[in-house]
Amino acid sequence: MVSPTSFFGPLDPAPDAGWTEQPQPRKGFFTDTSVCIGCKACEVACKEWNAVPEDGLDLLGMSYDNTGMLGADSWRHVAFIEQPRPLGRGSAPFAGTPTGPSGTDVADAVTAAGVDALADASRIGSAQPGGFPVVDRAAERVREAGGQQFLGMPGTELPGRSAEGVGRSDVRWLMASDVCKHCTHAACLDVCPTGALFRTEFGTVVVQEDVCNGCGYCVSACPYGVIDKREGDGRAWKCTLCYDRIGDGGTPACAKACPTESIQYGDVDELRERAARRVEQLHAAGVEEARLYGHDPHDGVGGDGAFFLLLDEPEVYGLPPDPVVTTRDLGSMWKHAGMAAVGMLGVALAVFAGGGS
Ligand code: SF4
Ligand code: SF4
């Protein structure tokens, strides 16, 4: 049985937190990953608007994903997942079209030509000799070695123009911009001892950096591994759903910057309806793997304020398949602890009374 103040189940979080005067519709994000093109405009806009510090410009060796994960200095993270299969019926228009050499052929050719791509990349922008774009350098050396086009990064020739008779491989890219889920039941907020984390009138979850004492309880409580302590600062940081912008009637920076409307901002109820329609549309178009994640108020966190349309299992995107608010049993734990304390007090009183007689 779910009460308005329970630690799990469906509810409207803002009124539950005491925002009962002038109630606002709950605000959130619907991220439709089927139209994400991986441009990372969302990551950049978030950093710029919120003055999130630079978190390293390293090449992680994980395809085009050089952010890696959400963290104190990455409030949006665009995941890149390469899979050896087509998107629904998406490859049909290209069926039978010749294409360039496969990734494996290119990699073999690059290795045979003696190109050390990572070493070249590390020289980019440095004063070391050879500090010019690795793609040009590799392409030049591969052409010298055997005439093949280097396709490690987007090529300059149209598909099908660079080679004859090579079958098109069935590879698809999944791209998804991850973010704090602004959970209906936010364990980060439940465990915060200082009140630094609070529920806004829009139902979102925000950290007040001047109140955070850096204890880190929220970090281990978050079922999605979102909130994080900043190195050299010690305090916890995460997406605020641009509280300052939405409070002024604006749109969060990431949603504003997204060129494909993969990130959609609005009233959560309306976004849920829109997301359901989009799934139906994709299913009708043959993309049967389309499914929603985090939209269900009956899930383990009472539904997310930021939810997603995915094209594969959540684990593929690094998301937990069945997240549960880690403070779900807090109420019953306190109840049992209270009953045990009363029991022990009763025994102590009985012993004391027995010893005195
Ligand atoms: S528990 Fe994690 S995902 Fe949920 S609101 Fe807190 S930081 Fe965001
Ligand atoms: S979500 Fe939008 S802005 Fe972000 S990478 Fe995808 S297309 Fe670009």
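Glycine too: its Cβ is placed from the backbone N, Cα and C atoms.
Quick look at what TrEMBL lists:
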BINDING   Cys36, Cys39, Cys42, Cys258  [4Fe-4S] cluster 1 binding site
BINDING   Cys46, Cys239, Cys242, Cys254  [4Fe-4S] cluster 2 binding site
BINDING   Cys180, Cys183, Cys188, Cys222  [4Fe-4S] cluster 3 binding site
BINDING   Cys192, Cys212, Cys215, Cys218  [4Fe-4S] cluster 4 binding site
DOMAIN    27-57  domain '4Fe-4S ferredoxin-type'
DOMAIN    171-202  domain '4Fe-4S ferredoxin-type'
DOMAIN    203-232  domain '4Fe-4S ferredoxin-type'
REGION    1-25  region 'Disordered'
TRANSMEM  337-355  transmembrane segment
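Shown on the structure are the features that TrEMBL records.
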{"residue": "Cys36", "record": "[4Fe-4S] cluster 1 binding site", "contacts (Cβ under 8 Å, 6+ apart)": "Val78, Met175, Ala176, Ser177, Thr260, Ser262"}
{"residue": "Cys39", "record": "[4Fe-4S] cluster 1 binding site", "contacts (Cβ under 8 Å, 6+ apart)": "Pro259"}
{"residue": "Cys46", "record": "[4Fe-4S] cluster 2 binding site", "contacts (Cβ under 8 Å, 6+ apart)": "Val52, Trp75, Arg76, Cys239, Ala253, Cys254"}
{"residue": "Cys192", "record": "[4Fe-4S] cluster 4 binding site", "contacts (Cβ under 8 Å, 6+ apart)": "Tyr217, Cys218"}
{"residue": "Cys215", "record": "[4Fe-4S] cluster 4 binding site", "contacts (Cβ under 8 Å, 6+ apart)": "Pro193, Thr194"}
{"residue": "Cys222", "record": "[4Fe-4S] cluster 3 binding site", "contacts (Cβ under 8 Å, 6+ apart)": "Ala187, Cys188, Thr326"}
{"residue": "Cys242", "record": "[4Fe-4S] cluster 2 binding site", "contacts (Cβ under 8 Å, 6+ apart)": "Trp49, Asn50, Gly250, Thr251, Pro252, Ala253, Cys254"}
Near Cys258 ([4Fe-4S] cluster 1 binding site), meaning Cα within 10 Å, which of Cys180, Cys183, Cys212 (binding-site residues)?
none
Which number gives the other C-beta atoms within 10 angstroms of the C-beta of Cys180 ([4Fe-4S] cluster 3 binding site), all protein chains shown included?
26
Long-range neighbours only, meaning 6 or more apart in sequence with Cβ under 8 Å: which ones does Cys212 ([4Fe-4S] cluster 4 binding site) have?
Thr194, Ala196, Arg235, Ala236
When the domain '4Fe-4S ferredoxin-type' (171-202) is classified with DSSP, how many of its residues are helical, how many are strand and how many are coil?
5 helix, 11 strand, 16 coil
Could you tell me the C-alpha distance between Cys180 ([4Fe-4S] cluster 3 binding site) and Cys42 ([4Fe-4S] cluster 1 binding site) in angstrom, no decimals?
14
May I ask you to report the DSSP-based helix, strand or coil state of Cys36 ([4Fe-4S] cluster 1 binding site)?
coil
Counting by DSSP secondary structure, give me helix, strand and coil numbers for the domain '4Fe-4S ferredoxin-type' (203-232).
5 helix, 5 strand, 20 coil
Let me check the 10 A CB neighbour count of Cys42 ([4Fe-4S] cluster 1 binding site). How many other CB atoms are there?
27
Cβ density check for Cys218 ([4Fe-4S] cluster 4 binding site), other Cβ within 10 Å (all protein chains) comes to 26
A correct count of other C-beta atoms within 10 Å of the C-beta of Cys258 ([4Fe-4S] cluster 1 binding site) gives 25
